[in-house]
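K.L.:
Structure incoming, see below.
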């Protein structure tokens, strides 16, 4: 019986793909070597220890229907579209070795006619007339008895959109967490016009088989056809949840300030696990009672635009004469935290 396993995802859902990765990683025999090939539709994928409000333009992502997905490995934020080919290599220890998986990807690129080199800890680069360009980035995760190496190959990604979603708004966030490093990148189709996702997957799979000296049939998976993965429904529910993707962010503070016709307002939030743990308000409004009540009401709320907007709107019952002010506050706060 082969110790290799090759899975290819037919789904573009990042939460599905990351849940499959997590489930297989947890339940695979320690003697198995797995290659999982996949790609995501428009998604920003952040590292396990990152703050999405700090790393991403969350407002633009919401407007453009770009998903956020937190992965279980470390590293920085990346934008995925269907021009990215994603790979995951998994193995038990002591077999797990990210040098082996890196060399498999390099061999795959070489077989396609692309000469690439490993650079630094995580990147694969190609030499161009303009200097080195990154075509692949990776991240890693290890437990006591197994490890995985996953990464992306920039095939034909819309590089103009990288800056749209990975340059965060200039929000006043005093945030902890790992900050992403931006690199100069290139698409493989600039070197090999017409190169397809299927060709890249085939090349990586062949290099995988060649390294281990055996072959297996690919298992094609999708939400309609998943392998037998224990607790997959629970893993998918977590991976797709706001609590994991946003709420898992390191603690941070957010300062909002705005001047309205009726006065200036400063709101200070401390946020932990996606919930507001402390709120302070400062205002020169002639009637500060609504703002003070709002600060009290927002404490304990989820740091989500719609939740904070509901809290603001609920105060209009208590302060009917300040309804217009509260409407303006509600719209401002909701816009600021998106």
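Every residue, even glycine, has its Cβ placed from backbone N, Cα and C.
Pulled the feature table from Swiss-Prot, pasting it below:
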| type | residues | note |
| --- | --- | --- |
| DOMAIN | 29-216 | domain 'BPL/LPL catalytic' |
| BINDING | 71, 76, 77, 78, 79, 134 | ATP binding site |
| BINDING | 134 | (R)-lipoate binding site |
K.L.:
The record names 71, 76, 77, 78, 79, 134 as the residues that bind ATP; what is their largest Cα to Cα distance in Å?
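P.N.:
This binding site's residues have a maximal Cα-Cα distance of 21 Å.
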K.L.:
Taking the Cβ of residue 77 (ATP binding site) as centre, how many other Cβ atoms lie within 10 Å?
P.N.:
25
K.L.:
Fewest other CB within 10 angstroms, which one of the binding-site residues 71, 78, 79, 134?
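P.N.:
Across 71, 78, 79, 134, these binding-site residues, the one with fewest Cβ atoms within 10 Å is 134.
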K.L.:
Mean pLDDT over the domain 'BPL/LPL catalytic' (29-216): what is the value?
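P.N.:
Across the residues of the domain 'BPL/LPL catalytic' (29-216) the model's pLDDT averages 90 on the 0 to 100 scale.
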K.L.:
Taking 10 A as the limit, how many CB atoms besides its own sit near the CB of residue 76 (ATP binding site)?
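P.N.:
Residue 76 (ATP binding site) is surrounded by 19 other Cβ atoms within 10 Å.
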